[in-house]
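Quick look at what Swiss-Prot annotates:
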BINDING   19, 20, 21, 40, 66, 121, 123, 156  GTP binding site
LIPID     200  S-geranylgeranyl cysteine
LIPID     201  S-geranylgeranyl cysteine
MOD_RES   17  phosphotyrosine
MOD_RES   172  phosphotyrosine
REGION    63-80  region 'Switch II'
């Protein structure tokens with residue numbers, strides 16, 4: 001794979017108002033939009049080119065609608081996704097329950113999709129810790145259980161946003177290289193652990 005271009009389909013999932021679009025805006029355009037909230041209808045697509053070692057990686061990011069009325073439509077966009085960033089609002093416990101729904105959906109329909117749990121709006125906790133409604137340790141236990149990775153982010157300050165997307169790209173490149181290596185050796189991938197599946201936390 002040395003020097004090759006790599007394309008990765010990434011889907012953003014989560015309840016409306018959790019800040020999926022803000023997360024993408026911060027990562028792709030390095031900006032935080034302040035103004036009236038606008039619902040994403042269907043999905044918005046944006047691409048970001050980056051480097052991982054000697055490889056050029058293009059993240060094709062699908063920002064899906066969070067409203068339940070667009071739920072069926074969202075399924076169209078995560079078909080074939082290699083990574084899913086499932087977002088929840090750290091100040092809204094119901095958004096974490098909704099995130100669990102999307103994880104179940106992905107596990108049943110896209111088994112090969114690596115999941116990243118993303119707690120949003122961490123800047124609000126810096127202002128007032130009492131606003132936290134989703135316990136960090138509970139989410140970490142859940143992440144460990146589903147073999148996902150956990151990040152707590154802020155689109156306003158940029159906290160852990162670049163790190164999240166960089167990890168998505170690095171993990172995919174590692175898995176792709178692993179698959180090429182094992183295929184070259186004639187190894188049955190079904191007997192090998194997927195190196196995607198480990199958990200870590202970033203504050």
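Each residue, glycine too, has its Cβ placed from N, Cα and C.
Overlay of Swiss-Prot feature records on the structure.
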residue : record           : DSSP class
17      : phosphotyrosine  : coil
40      : GTP binding site : coil
66      : GTP binding site : coil
121     : GTP binding site : coil
156     : GTP binding site : coil
172     : phosphotyrosine  : helix
Fewest-neighbour residue among binding-site residues, criterion Cβ within 10 Å, set 20, 121, 156: 156
Around the Cβ of residue 40 (GTP binding site), the count of other Cβ atoms that are within 10 Å: 18
Around the Cβ of residue 19 (GTP binding site), the count of other Cβ atoms that are within 10 Å: 26
Cα-to-Cα gap, residue 21 (GTP binding site) vs residue 172 (phosphotyrosine), nearest whole Å: 22
Cβ contacts of residue 172 (phosphotyrosine) (under 8 Å, same chain, 6 or more positions away): 6, 8, 57, 82, 83, 114
Whole-number Å value for how far residue 17 (phosphotyrosine) lies from residue 40 (GTP binding site) (Cα to Cα): 10
PLDDT averaged over every residue in the region 'Switch II' (63-80): 82
